[in-house]
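**Student:** As annotated in TrEMBL:
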type    : residues                     : note
DOMAIN  : 9-261                        : domain 'ATP-grasp'
BINDING : Lys46, Glu99, Met102, Glu107 : ATP binding site
BINDING : Asn199, Asp213               : Mg(2+) binding site
BINDING : Asn264                       : substrate binding site
Amino acid sequence: MDIHEYQAKEILARYNVEVPRGGLAYSPEQAAYRASEIGGSRWVVKAQIHSGARGKAGGIRLCANDKEISEAAEFMLGRKLVTAQTGPRGKLVSRLYVEEAMDIQREIYLGFVLDRKEERVMIVASGSGGMEIEEIAEREPDSIIRAVVDPGTGMMEFQAREIAFGLGLDNAIIGKAVQTLMGCYRAFRELDASMLEINPLVVTRDGRLLALDAKMSFDDNALFRRPQISELRDKSQEDPRETFASDRGLSYVGLDGRIGCIINGAGLAMATMDMIKIAGGEPANFLDIGGGASPERVAKSFRAVLGDKNVETILVNIFAGINRCDWVAEGVVKAIREVGVPVPLVVRLAGTNVEEGRRILAESGEQIIVAETLAEAAEKAVAAWKSVTRAAA
Ligand code: GDP
Ligand code: MN
């Protein structure tokens, strides 16, 4: 689960990370009022969406008076911002964060992630902040410092100091950098975060060290024990297709193609998506119905996939081990009769009770295109999709 920048800053401030003074605003008037509360002579108006790279998309504006603040707020509120990270659908701006502007001397990148290979928390830092980490990795790979934390001891001060020195920070600010690093690590561990990124962490001309931007994600599997974190969820920032599915316990990722997929097992789902592409189509989603799926669960999956108006063909691909082909077939027939499937439907079943499953499909009298192998299923799905799009044209 992702949270907003202002929420991440509120959390980090409680862990001794210094952040600029700021306030939330829902209207241009409120934005201007927030600025007057904060004081000073320059402010930054920041669109609160679950995405980075807002600056380049017009979601970060430096302002010097009320008029500029109101104009920036008016431009951003209610707009769907499309950044390099949101996908073409963009994300709706309904909250703004107004902050005192900082006089920046240096921008630093700081990230905490779970490194799967090391099976540990890894700190990634670079003196070349302000750009996205992918860009830093491409342009200045040598500037990147990586450090792995031993879970037995937690992050040690000497390790934080080493990173701070590695970034070439002045002696006067090393203590603050250590405090920041230790605080971030503690927040990451105590709140079950899966990612924490401060980009940029800045050194100001008057020698302060502050998190100018902050991004945090949390482990969905740990949310049950973090009620204060799950309260921060903003469903308006999520893909509605994914929210619908996750509320029903389905594992679903929305994509931009036209062929809806209902599959068991993440590996088979990935393979099926590849096969669709090879056959010349594009998947509309990744959906894993999991093991032991009941007919009801299969019907629910159809609802989730058909909720996406882009879907023009559905491919069901089941390799039943724990699952049962007869249940899946029953679910398919149930979905056709109860939900209605107004697009071509290709079904490939293999594994447990496959004969029974195929018999249920054949005897249903419904229009179902059956396939024996994965390759055949993908080809038939793409062919069916092409014939509907041709017919529509
Ligand atoms: P992002 O584009 O979504 O990552 O948003 P950020 O909060 O990181 O802001 C983008 C960039 O705007 C930063 O890297 C800074 O260069 C600039 N910026 C943000 N806040 C301030 C500020 O208070 N003062 C100045 N001078 N620049 C700022
Ligand atoms: Mn940023």
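We number each residue from 1, going along the chain as drawn.
Just so you know, glycine gets a Cβ as well, placed from its N, Cα and C.
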**Student:** Please give the ATP site's span as the largest CA-CA distance among Lys46, Glu99, Met102, Glu107, to the nearest whole angstrom.
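**Tutor:** Largest pairwise Cα separation, rounded: 18 Å.
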**Student:** Distance between Met102 (ATP binding site) and Asp213 (Mg(2+) binding site) at the Cα atoms, whole Å?
**Tutor:** 12
**Student:** What three-state class does DSSP give Asn264 (substrate binding site)?
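**Tutor:** Looking at the DSSP assignment, Asn264 (substrate binding site) belongs to neither helix nor strand, so coil.
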**Student:** When the Cα-Cα distance from Lys46 (ATP binding site) is computed for each of the binding-site residues Asn199, Asp213, Asn264, which gives the smallest value?
**Tutor:** Asp213
**Student:** Counting other Cβ atoms within 10 Å, pick out the least crowded of the binding-site residues Asn199, Asn264.
**Tutor:** Asn199
**Student:** Can you check which residues sit near Asp213 (Mg(2+) binding site), meaning Cβ under 8 Å from its Cβ, same chain, 6 or more apart in sequence, and list them in order?
**Tutor:** Glu5, Gly52, Glu197, Ile198, Asn199, Pro200
**Student:** Write down the Cα-Cα distance for the residue listed as 'substrate binding site' and Glu99 (ATP binding site), rounded and given in Å.
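**Tutor:** Checking the Cα atoms of Glu99 (ATP binding site) and the residue listed as 'substrate binding site' gives a distance of 47 Å.
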**Student:** Name them in sequence order: residues not among Lys46, Glu99, Met102, Glu107 whose Cβ is within 8 Å of the mean position of the Cβ atoms defining the ATP site.
**Tutor:** Pro20, Val44, Ile60, Ala101, Ile104, Pro200, Val202, Leu210, Leu212, Asp213
**Student:** List the residues of the same chain that sit at least 6 positions away from Glu107 (ATP binding site) in sequence and have their Cβ under 8 Å from its Cβ, in sequence order, or write 'none'.
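**Tutor:** The list for Glu107 (ATP binding site) reads Ser128, Gly129, Gly130, Pro200, Leu201, Val202, Leu212, given in order along the sequence.
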**Student:** May I ask you to report the DSSP-based helix, strand or coil state of Asp213 (Mg(2+) binding site)?
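**Tutor:** Where Asp213 (Mg(2+) binding site) sits, the three-state DSSP reduction gives coil.
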